[in-house]
Amino acid sequence: MDETVPALVTGQASTDAVTEQPVNVYIWDMDETLILLKSLLDGSYAGAFDGLKDREKSTEIGKRWENLILELCDEHFFYEEIENYNEPYLNALNEYDDGRDLTSYDFEADSFSSPYDDANKKKLAYRHRAIGEKYAKGLEKILDQHMVKVCNDQYSLTDKYTDGWLSSAHKLLEEALGKSASAPTAKSSSINCIVTSGSLIPSLAKCLLYRLDDVVSSDNVYSSWEVGKLQCFKWIKERFDGPNVRFCAIGDGHEECTAAQIMKWPFIKIEFRPEAHHRFPGLDMPTVQTYMDVIYESSSKDG
């Protein structure tokens, strides 16, 4: 995986950091794990509660999210232009980016189009860099005050409807990074990555809208749309691996479970059913650490 890897502060394990302290890399699925969308749209989330949840309200909430995601993609992330040019991660075309200052660059006049040759890959790389810069600034710097309020209201409505699913998932990712006072992690560092089967640009939009941008950097979001989750897992291992690095995958699907088994990583299955073993609210860092300890202590003994 050819890319310039940032320092630990943005999610990369430096050699010194790896040798000094253990580094945990958490690989999260997005849809139906950190966020809920499909199950809201099709009513399956509401259905799991045996009539206690309003199915029509669920569908309405899901449709609002779809509209917000598409609006952000189209108006701020060049999606109408680049929809058919999905890449597995934002830095995938770094070799084509000459570092040009994009402050006054006119994206509307650069004639980005087919064929997908080197010249157009450079133009796409510029767009990816611009998207990454917007992502780093946050939603409040992208949208006007009215739309920020609309997004905040939608988040609060969804979180209330799902009994705190979104906020509890976010809290766990904060704890993974050591940001929460309730779970100090002074003796370890950690990195959050997202590997999603959705295409890259809408997935980055989801991160912003669902408030994941402060716990997952844009360069740690991977789209498995064409390449599959196993390939993304291999890239993440190649990028972060070291003598004291441990990996853990968390998701709801069969593909990430199988990929984790092949990689010999612990896997935690998320389900939205109220009686499920692991869901939000519910999953906590002690449970995640237990899964990792079981796998990695066993590996140490076997080794």
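Note that Cβ sites are derived from N, Cα and C of the backbone, with glycine treated the same way.
Per TrEMBL, these features apply:
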ACT_SITE  Asp29  active site, nucleophile
ACT_SITE  Asp31  active site, proton donor
BINDING   Asp29, Asp31, Asp252  Mg(2+) binding site
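Separation of the C-alpha atoms of Asp31 (active site, proton donor) and Asp252 (Mg(2+) binding site): 8 Å, rounded to the nearest whole number. Asp252 (Mg(2+) binding site) is 7 Å away from Asp29 (active site, nucleophile) when you measure Cα to Cα.
A Cβ within 8 Å of the Cβ centre of Asp29, Asp31, Asp252, the residues given for Mg(2+), is found for these other residues of the same chain: Met30, Glu32, Thr33, Leu34, Thr196, Ser197, Gly251, Gly253, Glu256, Ile270. Taking the Cβ of Asp252 (Mg(2+) binding site) as reference, residues of its chain lying under 8 Å away and at least six apart in sequence are, in sequence order, Asp29, Asp31, Glu32, Thr33, Lys269, Ile270, Glu271, Phe272. Between the candidate active-site residues, Asp29, Asp31, the densest Cβ environment within 10 Å is the one around Asp29.
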